[in-house]
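Following: one structure in structure tokens, then a few remarks.
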């Protein structure tokens, strides 16, 4: 199995990806945006869940784009475009993305503008991962204003570690998963 090429901040943890993608509700043939794609690890898992997924991996950081491209190649991810720039601009009316069915947002810079653009594109479901409380509050407020707020899930993961010949658990940083759904 291939190893993920990492960047600062590392890839999203597998447990967080699993819950995030479950909340996203990907379907075969969806157009999927991975905003703040980092290593592309979320897109790689999304491609395993939904067949014929069209992926738009977006990040403003050069190191993230290079890591994502390397990881996509290593994991055989096709039907993916790696896009450099600010998500709010790339998702805007002048951008190169026509429509999005589902979006994962791991990069929360300009979260209000990103959410607005995704709603304009009639995105069915949006999942935002955040570790900072202020980001969670801004995201919830923006989603409520846009009429798409569904729920927040707080996840704390602990991993086993050896201690004195026995086992203890070491906690990882908790993550908030904020879910937005298009209202019928």
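Keep in mind that glycine also has a Cβ here, set from the backbone N, Cα and C atoms.
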One of 59, 98, 101 listed by Swiss-Prot as binding S-adenosyl-L-methionine at the site of 12, 36, 37, 38, 39, 40, 87: 59
Listed in sequence order, residues with CB under 8 A of residue 36 (S-adenosyl-L-methionine binding site) and six or more positions away: 58, 59, 64, 87, 105, 106, 107, 108, 109
Close in space, distant in sequence - residue 40 (S-adenosyl-L-methionine binding site), Cβ under 8 Å, 6 or more apart: 34, 57, 67, 68, 69, 71, 72, 77, 82
Largest separation between Cα atoms (Å) of residues that the record links to S-adenosyl-L-methionine, namely 12, 36, 37, 38, 39, 40, 59, 87: 19
Cβ packing number for residue 87 (S-adenosyl-L-methionine binding site), 10 Å threshold: 30
